[in-house]
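Q: Take a look at this one; I'll ask things after.
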């Protein structure tokens, strides 16, 4: 199967992203070449390769090839102004492309569907990839320099400096460029989103300038706890930007003879560069690993919180209709009684629902229950209450307030009109259904009766409505069965909505 550089999980990106990456490469390459390179031609870091890597990971093959070609030519152009010979300049540009291409292959293979280096495991995997690819690149490069070009080099020292330079460049710049590309796709962020990265980045630059302004090594060591403190509180993208700023500032200051590292071995620039690289490498790994670990803990905490909310929802809601279940309903009823509130409890039972299941199938019955629940929710929006499903075709509602029998008659009539008069489309056919309703009233005087007694009263009224021929309601009265009221106004509407789905 032909290898595709762009990640399949990445959204399609066009010329705007390609132009952005090219512009960032030019700025980063120029800044590193002219600010972070010493008079001999050594640089502690080379982050522009990260742009080439990100282009291969996020752009289509043709666009990525175009970006790599333009970046190669620009890199070759600025190398004319460096201490490198023409042959060394061409070799360096070619190996930049080599490193990015090989790193893109292994990153695509081992760092997940979308390269998220804020994840600890993926960051460590990417670190290993960057080290191995840089070691391979540096090994081939130093061999060509000494054998083919005839340049006298101290093989191991040159190789190690090359490895650390390109590895650091990928580690500090790749997360930043990935964040930039993905943020660019979503549009320009608002000031609230930019506040943390700008604050953390500015703080890191100020800290680096302060630490390198003194020849004392103690100030460099103080950067560890200071940046780790930031890592505990900032997000992954902000800390990636911070470490990029720290590394770039440290390399630039040292290249211009500022800071404790710059005073080491004036006649041996390789030793000076490797000391700075070792310091930056340990600092970057420490801070970003701490930040990734904290980020993982935050993600696990959010997942546990989400799982808890989901479990609470499943424990209190019906899985089919998403209405609250019997347990949650009884808790709300108990709370209403405890507060000595007034209200009406309605138990609703769909007539002949079993025959819907038997004749049309359970899947049709489920669709009916969903539509019935949706209509009930719409109907009850004006009453600021939530219905419950007790199971099967039995539903319950608490409507707060004081009600007279006439008001109950009106509410039940409105219920019939809004939920039952309109036919239900089941199995490509329209059906009319009816329901039986049992109603009981409660008030402050019922606070000591408990939910069980209130539910029992509504049950008595419901079964009285069923015995009376269904398609109606009964209102419970404490006077006993003989005082249960008939379904009054519904009798006048029964003929419109009384046709069951299947004849009994």
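Every residue gets a Cβ built from N, Cα and C, even glycine.
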Q: With TrEMBL as the source, which of 101-122, 123-144, 299-320, 321-342 is set down as transmembrane segment?
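A: Transmembrane segment, as annotated by TrEMBL, spans 123-144.
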Q: When TrEMBL marks a stretch as transmembrane segment, which of 44-66, 67-89, 159-181 is it?
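A: Based on what TrEMBL states, transmembrane segment spans 159-181.
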Q: Among 19-36, 217-234, 343-360, indicate the range for which TrEMBL gives the feature transmembrane segment.
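A: Of 19-36, 217-234, 343-360, TrEMBL gives transmembrane segment for 217-234.
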Q: Of the stretches 159-181, 217-234, 241-262, 274-294, which racks up the most C-beta pairs under 8 Å with the transmembrane segment (193-211)?
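A: Stretch with the highest Cβ contact count: 241-262.
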Q: Counting only residues 6+ away from its ends, which parts of the chain sit with a Cβ under 8 Å from the transmembrane segment (241-262)?
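A: Long-range Cβ neighbours of the transmembrane segment (241-262): 31-32, 35-38, 43-45, 47, 168, 172-173, 176, 179, 197, 200-201, 203-205, 207-209, 211-217, 219-220, 223, 227, 230, 234, 272, 275-276, 279-280, 283-284, 287-288.
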Q: Please report, as numbers and ranges, the same-chain residues at least 6 past the borders of the transmembrane segment (217-234) whose CB is under 8 Å from any CB of it.
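A: Long-range Cβ neighbours of the transmembrane segment (217-234): 196, 200, 203-204, 207-208, 210-211, 242-243, 246, 259-261, 279, 283, 286-288, 290-291, 294.
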Q: Per DSSP, how many helix, strand and coil residues does the domain 'GGDEF' (341-478) have?
A: 67 helix, 37 strand, 34 coil
